[in-house]
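Summarising the annotation, Swiss-Prot assigns active site, nucleophile to H41 and lists similarity to another entry as the type of evidence. Marked as active site, proton donor by Swiss-Prot: D289. As annotated by Swiss-Prot, disulfide bond applies to C159-C378, C214-C312, C353-C357. Residues annotated as topological domain 'Extracellular' in Swiss-Prot: 27-393. For 415-426, the entry in Swiss-Prot reads topological domain 'Cytoplasmic'.
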Amino acid sequence: MAGLGFWGHPAGPLLLLLLLVLPPRALPEGPLVFVALVFRHGDRAPLASYPMDPHKEVASTLWPRGLGQLTTEGVRQQLELGRFLRSRYEAFLSPEYRREEVYIRSTDFDRTLESAQANLAGLFPEAAPGSPEARWRPIPVHTVPVAEDKLLRFPMRSCPRYHELLREATEAAEYQEALEGWTGFLSRLENFTGLSLVGEPLRRAWKVLDTLMCQQAHGLPLPAWASPDVLRTLAQISALDIGAHVGPPRAAEKAQLTGGILLNAILANFSRVQRLGLPLKMVMYSAHDSTLLALQGALGLYDGHTPPYAACLGFEFRKHLGNPAKDGGNVTVSLFYRNDSAHLPLPLSLPGCPAPCPLGRFYQLTAPARPPAHGVSCHGPYEAAIPPAPVVPLLAGAVAVLVALSLGLGLLAWRPGCLRALGGPV
């Protein structure tokens, strides 16, 4: 007797439903072809003090390099991260730094620029300071002024649309209910700190937590009122504030104005490397907890915790070993998150796509969080509409010349971003 077939089987409809609902199976991993890394700077001094801080009068002694500056511990953390990256990519990267293989960009802050340099000293020890003079060589770290940085420092403070979205989140019933429950706590904290906290942006409370945590990490005694319960409550308040910035409502639109910009740049850089056959293997971004939080929000991976110092989120692009036509392309994307040097990095999966995720599926799932082709508000007239810059300056320059010959120099003059593209990856 002939078989019932899929549709004739009593369980057929249920099996079809499971096939539609369950995420696709994971694909086998293949050889590595490109890596993008986004990491937070290392340990730093507090960003600020507060009026009743018992250590305020000796701050210049405690933090001789100044508030917000990288500490010796921060340098050590970044050296360790660089050594971890060297061990992870030993067979992928050349043993010595090659400008055509690795590109590094940082925000224009001392702590992130120094963190990038310390990281590179661990990643390329042959070129690190302290090596024999004949072998030591500095490695360039690229940056742009803070006011012009829309890739790693997002225009949240100056973006009216983002403020509308944030106001919608902070006026939501759930947010207001949580805030009301902390009114008494914040009022008591005002008496201990000398700060106005009730009715003020929650970032003020976060700054108190940041100062206390920095002091505690460096062995300084905390005031009696700063109990573990107080620190825990401050962390919960901080998580509520972060959630309003990167989470629902309208999380995807927030991402288009923040972390989706960086996500788009990472994907665009890989696309150009593949399309033009460029030798670039790795792009590194030295930035802040806010950068990582926004990127986690764009990926749907924010877990309610602030990234620790030297936390690193990695994107690994691989040629996969399956059937490209069947599995949605010949490249996969895997994510990892290193947030604790004592443990192996955590493999992450994009919601809806187990790792390694086919690149086409990755593009599809992240599309709502990335800026649309026509651009978004709060960005310049050209930057949002022009594809991110080509990577590797010399080869990109050759491509730009060919474009100029075929399209005419007038087009490049009309689109100044194309000329800016000669500076390297975004």
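Cβ from N, Cα, C; glycine included.
It should be emphasised that the depicted structure is a prediction, and the values quoted were computed from it without experimental measurement.
Looking at the shown structure, what environment does each listed feature sit in?
The DSSP secondary structure for H41 (active site, nucleophile) is coil. Neighbours of H41 (active site, nucleophile), defined as other CB atoms within 10 A of its CB across all chains, total 30.
Sequence-distant contacts of D289 (active site, proton donor), defined as residues of its own chain at least six apart whose C-beta falls under 8 angstroms from its C-beta, comprise R40, T306, P307, A311.
Around the Cβ of C159 (disulfide bond), the number of neighbouring Cβ atoms within 10 Å comes to 18.
Cβ contacts within 10 Å of C312 (disulfide bond), excluding its own Cβ and spanning all protein chains shown: 21. In this structure, C312 (disulfide bond) is part of a beta strand by DSSP.
Look at C357 (disulfide bond): DSSP puts it in a strand.
Across the topological domain 'Extracellular' (27-393), mean pLDDT in this model comes to 91.
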So which of the disulfide-bonded residues is most packed in, judged by how many other Cβ atoms lie within 10 Å of its Cβ, out of C214, C353, C357, C378?
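Going through C214, C353, C357, C378 one by one, the largest Cβ count within 10 Å is at C357.
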Counting distance between Cα atoms, which of the disulfide-bonded residues C214, C312, C353, C357 is nearest C378 (disulfide bond)?
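Closest candidate to C378 (disulfide bond), judged by Cα separation, is C312.
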Whole-number answer please: how many Å between the C-alpha atoms of H41 (active site, nucleophile) and C312 (disulfide bond)?
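Cα to Cα, H41 (active site, nucleophile) and C312 (disulfide bond) are separated by 9 Å.
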Can you grab the distance from C159 (disulfide bond) over to C353 (disulfide bond)? Cα atoms, rounded to a whole Å.
32
